[in-house]
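Novice: What TrEMBL records for this protein is below:
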TRANSMEM  12-30  transmembrane segment
TRANSMEM  42-60  transmembrane segment
TRANSMEM  81-102  transmembrane segment
TRANSMEM  108-131  transmembrane segment
TRANSMEM  143-161  transmembrane segment
TRANSMEM  167-184  transmembrane segment
TRANSMEM  279-304  transmembrane segment
TRANSMEM  310-332  transmembrane segment
TRANSMEM  344-362  transmembrane segment
TRANSMEM  368-390  transmembrane segment
C-alpha cells in the first residue's frame with residue numbers, strides 16, 4: 001500500500017510541479033510588473049475567491065470520498081453537483097452583499113470575482129471525483145491549464161496590464177479549464193432533491209466543512225490580518241514568501257490528496273504503514289527545508305528583484321514551517337479521515353484561534369515577521385495534537 005501510495009503521490013507531485021512551475025512564472029511576471037500595493041490587492045482577490053469556494057464546498061468532496069462505496073458512484077456524484085449548485089447560489093448572494101456594501105474592490109473587479117465562483121465551484125467538485133478514481137495527474141494538470149492560459153493572456157496584454165485585466169484573464173482561464181476538466185459523461189439530469197435531502201447531505205458533510213474552514217483560516221488568516229493592520233504592500237511582501245511555501249510543500253499536499261481516499265476506506269492505513277510514510281516525509285521535508293533556508297536570497301531577490309528583499313527573513317522562517325508541513329501531513333490526514341474527526345475538530349479550531357489571536361496581538365507591533373513565527377509555533381502545537389489523536393486511533 002505504501003509503495004502504491006507514493007507511486008500515485010509521485011504522479012500527482014510531478015504533475016503539480018509542472019503546474020506550479022507555470023503558475024509561479026505567471027505570479028513572478030505579475031509581481032515584477034505590479035507594485036507591492038497592487039500585487040497585494042491581487043492576493044486579497046485570490047484569498048476571497050478561495051475562501052468563498054471553501055465555504056461553498058461545504059466539505060462535500062470529503063463526504064463523497066467517504067460515501068462513494070455505499071451508493072451508485074454516478075448517482076452520488078450528481079447529488080454532489082446538485083447540492084454544490086445550491087451552495088454556489090447562496091455563496092454568490094452573500095458575497096455580492098459583502099463586496100458591494102463594503103466596496104472592497106471596484107465594480108468590474110467585484111463582478112469578475114462573483115463570476116469566477118461558478119467555474120471554481122465545479123472545478124472543485126470534479127477534483128473530488130478524479131481523486132476517488134486515482135487520476136491524480138489530471139487533478140494536478142488543472143492548475144497547469146489555469147496557469148498556462150493566464151500566462152498566455154499576460155503575454156498578450158502585459159503592456160497595459162492592471163488589476164482589472166489580471167482578474168479578467170484569470171476568469172477566462174478558469175472557464176476554459178472547466179470546459180475540459182469536468183467529467184461531462186458522468187453528468188445526469190437528476191430529479192430535484194428535496195430540502196430535507198439537501199440538508200441531510202449538508203449536515204453529514206458539515207464536519208469536513210469545519211475542518212476545511214479551520215485549515216483555510218489557519219493558512220490564510222494571517223494574510224487577512226496583515227492586510228488590515230499593515231496594508232497591501234506588506235501583504236504583497238508576505239504573500240510572495242507564502243507563494244514559495246505553497247509551491248514547495250507540493251509533495252506533502254500531493255500525499256494528503258492521495259492518502260485521504262485510502263485512509264477513508266474500511267481497511268484504512270495500518271500503524272506500521274503510517275510510520276513508514278511519516279519517516280519518508282520527514283526525510284523529504286528536511287531536504288526541501290535546507291534548500292529553502294540557504295537559497296532564500298536567490299529565490300526572492302534573484303527572481304523578483306530588490307523591492308521584495310524584505311521577504312527573505314520571512315522565507316527562512318517558512319523553511320522551518322515547511323519541514324513541519326511534511327511531518328504533519330500524513331498524521332493529520334489519517335486522523336481527519338477516521339472516526340475521530342468530530343473529536344479532533346475542536347482541537348483544530350483552538351489551534352487556528354490561537355494562531356489568529358497571536359497574529360492580532362503581535363502583527364500590529366512586530367509586523368509580518370511575527371506572522372511567520374506564529375505559523376511555525378502553531379505548526380508545532382498542531383504536531384502534538386495530531387500525535388495525540390494518532391495514539392488514540394491506534395490504541
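From the backbone N, Cα and C atoms, a Cβ is placed for every residue, glycine too.
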Novice: Do any residues, 6 or more residues outside the transmembrane segment (310-332), come within under 8 Å Cβ-to-Cβ of it, and if so which ones?
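Specialist: 237-238, 240-242, 244-245, 248-249, 251-253, 255-256, 259, 274, 277-278, 281-282, 284-286, 288-290, 292-293, 296-297, 299-301, 304, 368-369, 372-373, 375-376, 379-380, 382-383, 386-387, 390.
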Novice: Would you kindly list the residues that approach the transmembrane segment (279-304) from elsewhere in its chain, counting only those six or more residues past its ends and only Cβ-Cβ distances under 8 Å?
Specialist: 6, 28, 31-32, 240-241, 244, 248-249, 251-252, 255, 311-312, 315-316, 318-320, 322-327, 329-330
Novice: Would the transmembrane segment (108-131) count as touching the transmembrane segment (81-102), if touching means at least three Cβ pairs under 8 Å and pairs must be 6 or more apart in sequence?
Specialist: yes
